Structures are given as structure tokens and as C-alpha cells.
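Structure, as C-alpha cells:
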Amino acid sequence: MENKQQSNGVGKENNAVKKKVNWSGSLIVASLTGAFGSSFLYGYNLSVVNAPAVFIKKFYNETWERRYGFSVDEGTLTLLWSITVSIFAIGGLVGAIIVTPVVKFFGRKCTLVLNNVFAVAAALLMSLSLLAGSFEMLILGRIIMGVDAGISLSALPMYLSEISPKEIRGSLGQVTAIFICVGVFTGQVLGLPEIFGQESRWPFLFGAIIVPSLIQVVILPFLPESPRYLLLEKHDRNKAEKAFQRFLGKDDVSHEIEEVLAESRVQRNTKLVSVVELLRTRAVRWQIATVIVTMGCYQLCGLNAIWYYTNSIFSESGINHETIPYVTLSTGAVETLAAVFSGLVIERLGRRPLLIGGFGLMTIFFAVLTVSLTLQNTVHWLPYLSIFCILAIIASFCIGPGGIPFVLTGEFFQQSQRPAAFMIAGTVNWLSNFAVGLLFPFIQAGLQTYCFLVFAGICFAGATYLFFVLPETKNKTFHEISQAFAKRNKVALEMQEMNHYPGEKKSSEEQESNFASSVDNGEAKKGIV
């Protein structure tokens with residue numbers, strides 16, 4: 001009886017320890033600085049081209065006339081503008097493809113720091129294009145900025161997932177989504193006519209990109225590298241312990257070190273897996289499928305179409321044309337507030353209800369929006385319902401689908417698989433982004449207001465898939481998440497190691513001894529990357 005009481009006391013004590021999580025200064029600064037110079041710039045570059053569009057097209061026309069002696073025709077001007085906007089996604093795809101070898105060689109933190117070379121180069125090209133009289137500089141700057149975004153949207157979630165305790169991994173991971181929304185909102189604010197939304201000032205919109213990059217370059221080098229990267233890939237236990245101590249704000253990090261080493265025992269004597277090897281790994285097939293579905297729905301759910309329709313819907317509702325840019329700020333504000341709300345509740349509600357609920361609500365509001373847009377000329381109050389639906393769709397997106405796909409990609413895969421997984425996620429993300437930009441004008445022209453039913457169908461399909469497939473990952477280790485997928489992958493838990501890495505299996509005692517030796521010596525054994 002006494003032993004049972006002692007056991008219960010220990011269990012309660014352990015639970016208390018688990019619930020108590022210290023948000024150290026280093027952890028907060030690393031997440032904020034990393035996001036400000038990375039996901040913030042991604043969001044900013046999504047919205048920054050909208051306000052000066054008229055002035056940039058005029059610049060294109062004047063440059064063409066000065067060179068060739070005649071004005072550019074409407075079709076060519078539209079093509080040049082479409083390239084300027086959509087080539088950002090092509091750069092993002094390039095960045096997503098090269099991120100795996102880059103994070104392997106330089107590490108997570110150093111990749112984020114070095115990535116600012118692309119951001120600064122792009123900012124200089126785009127901000128000086130008007131002065132140089134070269135629209136090619138603006139287009140080249142957009143593709144270079146896309147490369148920066150492609151790298152950062154993989155490296156940042158990877159870094160945040162590896163430096164955070166599992167109890168707050170979701171909240172910290174949502175920092176990526178929050179700063180994307182803040183970036184979009186900032187682009188809208190700076191694009192106002194009173195600030196940089198003027199013909200003579202629009203280059204400053206692109207020059208402002210340098211500020212977050214310089215802040216990240218100044219602060220981030222003084223913060224630790226990912227302790228998981230240091231321990232599992234660099235085999236430097238001393239640096240890993242110091243990194244854990246700074247991020248967790250405590251001296252005793254033996255539990256965290258042991259937790260990481262426990263993961264390493266599953267992947268002993270293995271190298272960083274390639275994309276092809278990961279796709280062939282039976283034990284993670286449903287994890288890969290889930291990442292592809294969530295990332296695909298993240299881009300194909302129709303939020304870009306909402307931005308396209310916003311001005312016309314506000315105009316139809318009777319809002320003065322000069323006032324629309326200020327009213328549009330409400331969309332950015334709602335987006336930011338919803339993302340912050342998601343970050344606050346994700347560790348209480350979990351990933352699953354926020355993600356499924358977000359897509360489900362978007363399905364409903366897209367359907368209502370289709371009806372209100374179709375009938376808005378017949379009933380005087382329907383345009384206001386359309387405005388409400390727009391804000392509701394944006395909020396529904398940001399409470400779950402806007403950030404959780406990045407969190408899940410970091411949670412589903414172990415250390416050696418994570419870079420390849422983020423490459424797959426990034427590739428799907430940017431290809432879907434490009435597809436929306438390319439196909440939406442044709443969908444809209446063919447279906448008119450009924451085009452939103454296409455997005456409602458995509459959201460419904462995503463919510464249905466996730467309802468049946470996605471397990472809750474809140475507060476779970478990689479091993480526990482793998483357990484949840486094991487039955488669906490038709491892989492026995494004790495056989496997962498062999499399925500992950502085909503080859504001869506050593507005895508557990510021999511492998512543990514070999515790995516511990518390599519870590520303690522700070523050297524990698526041959527065959528371990």
C-alpha cells in the first residue's frame with residue numbers, strides 16, 4: 001500500500017514537472033528573431049506588390065517606351081506583371097529543393113543567418129530598379145527573394161521544432177504562421193498612400209526588406225544552434241548540453257539529452273536520408289501523405305482568391321474607392337489576431353481540432369460566400385454578408401491551416417528524415433502556390449462567383465482526410481507519434497527500425513555502446529552523418 005502511494009506521488013510529481021515549462025529568454029529571442037527575418041519576410045513579400053501595382057506597371061511601360069520608342073501592348077504588360085508576381089513561387093521552389101543539403105552542412109541556425117544574403121541582394125535589386133531604369137532588376141529580385149523564402153520556410157520550422165520542449169512545441173511552431181500574418185499586415189500598412197504607396201516612393205517598399213534581415217544577422221549568431229542537430233548530426237554532446245541549458249533556462253538537462261539519445265537508438269549507424277529513401281520508407285508513408293495533403297490544401301484552399309476578390313466586394317458593398325485600402329487593413333488585422341489566438345490555444349486544444357475545424361469552417365463560409373456573391377445585386381444587405389464571409393474565411397484559415405502544417409512536418413519525422421521531409425513539404429507548398437497563381441484567372445473567368453465552390457470542395461476533402469487519418473500529436477514524442485501511425489502503415493512497432501533503414505541489424509547493446517562512444521568523443525563514426 002505504501003509503495004503504491006509512493007508510486008502515485010512520483011507520478012503526480014512527474015506530471016507537475018511536465019506541465020511546468022520555462023519560456024527562457026534565449027528561447028523567446030531565438031523564435032522571434034528567427035521568424036522576423038524569415039516568415040515575416042515571406043508574408044511581407046506576398047502583400048507588398050499589391051499597393052504599388054499601378055505604379056510598377058507604369059514604370060514597365062515607360063521603360064519599354066524609352067528603349068524601343070513605342071508603348072508596350074496590354075498583353076505584354078499583363079505578361080510582365082504576371083511574371084513579376086508568380087516568379088516568387090519559382091524562387092521558393094528552388095529554395096525548398098536546396099534546403100536539405102544546406103541545413104545538413106551549415107546547421108539550422110547558420111542557414112537562417114546565411115539566407116539573409118539572398119534577402120539583402122533581392123532588396124537592393126528591387127529598390128534600385130526604378131533608379132536604374134531596369135524592370136529586369138525587379139523581376140530578378142523577386143525570384144531571389146523567393147529562394148530566401150523557400151529556404152526559410154523549411155529551415156525555420158525545423159529550427160523551432162528542435163529547440164522547443166514538446167509541451168510548447170505547437171505554440172512555438174505557430175510563431176511561423178503569426179509572423180507570416182504580421183508580414184502581410186505590415187506590407188498593407190506600408191503600402192498606404194500616406195507612407196510608401198506613392199509613385200515616387202514605391203521602391204522603399206522593397207528596400208524595407210533589409211531591416212528584418214539585418215536585425216536577424218545581428219542577433220541570431222549569439223544564440224545557440226539546434227541542440228538536436230549538435231548531438232545527433234555533429235555528435236558534440238558538450239555544445240548540445242549548453243544549448244539545451246540556454247533554451248530551457250536550467251542547468252540539469254540530462255532528461256532532455258536522454259530523450260534525444262533515445263530517439264538516436266532507433267536510427268543508430270544511419271545517414272541522413274534522401275527524399276527518394278524517405279519516399280520508399282514504409283514506416284512513414286502515411287506521415288508523408290498527410291504532409292502532402294495539408295501542404296497542398298494550405299495553398300489550394302482559396303485564400304489567394306479571397307485577396308483577389310476583396311477590393312471588388314468592398315466596392316460592391318458601397319465603400320468609397322479611396323477608403324478601400326484602409327478597410328482592407330481589417331483583413332490583415334483579423335489574420336494576425338486569429339494566428340495569435342491559435343498560438344495561445346494550440347497546446348490546450350491540440351493540432352487536430354484546429355486543423356480540421358479550420359478547413360471545415362472554410363467549407364461552410366465559402367459556400368455562403370458563393371450564394372451571397374451570386375445574389376448580392378438582388379438584396380441590398382448581401383454585400384455586407386460577403387464582407388463577413390471574407391473575414392470569417394481568413395480567420396478560419398489562420399486558426400489552424402495557416403500554421404499547423406509546418407508544425408506537423410517537424411513532429412512527424414525523426415532527425416535523419418526531417419530535412420528530406422521539409423523538402424517534400426516545401427516542394428508541394430511552392431508548386432501549389434504557383435498552380436493557384438497560374439490557374440485561378442482561368443477558373444474565375446469560367447466559373448465566375450461559383451469558383452469558390454472549387455475551394456469549398458478542396459477544404460472539405462482536406463478536412464475529411466484529416467478526420468480519418470490525423471492523430472493528435474500534442475505533447476507526444478516522435479516515438480509516440482510513430483506508434484499512432486504504425487497500424488495504418490502496416491508496420492509492427494518493433495520492426496520499424498528495420499523498415500526505416502534496411503540492412504543488417506546489430507545487437508542493441510553493441511549499438512548503444514558504439515553510439516555513446518562516438519558522442520562522448522565528439523566524433524562521428526564512419527557511416528554516421
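Just so you know, glycine gets a Cβ as well, placed from its N, Cα and C.
A TrEMBL annotation is a machine prediction, not a hand-curated record.
Here TrEMBL flags 21-42, 79-100, 112-133, 139-160, 172-190, 202-223, 288-309, 324-346, 353-375, 381-408, 420-441, 447-470 as transmembrane segment. Feature annotation from TrEMBL assigns domain 'Major facilitator superfamily (MFS) profile' to 31-474. Sequence annotations record features per position, and here TrEMBL assigns region 'Disordered' to 501-529.
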Overall pLDDT for the domain 'Major facilitator superfamily (MFS) profile' (31-474), taken as the rounded mean:
88
Range from 172-190, 288-309, 324-346, 381-408, 447-470 with the greatest count of C-beta pairs under 8 A to the transmembrane segment (420-441):
288-309
Would you confirm whether the transmembrane segment (172-190) and the transmembrane segment (288-309) meet the contact rule of 3 or more C-beta pairs below 8 angstroms, pairs 6 or more apart in sequence?
no
Decide whether the stretches the transmembrane segment (381-408) and the transmembrane segment (79-100) have at least 3 CB pairs under 8 angstroms, with pairs required to be 6 or more apart in sequence.
no
The transmembrane segment (202-223) and the transmembrane segment (447-470) contact flag, 3+ Cβ pairs under 8 angstroms:
no
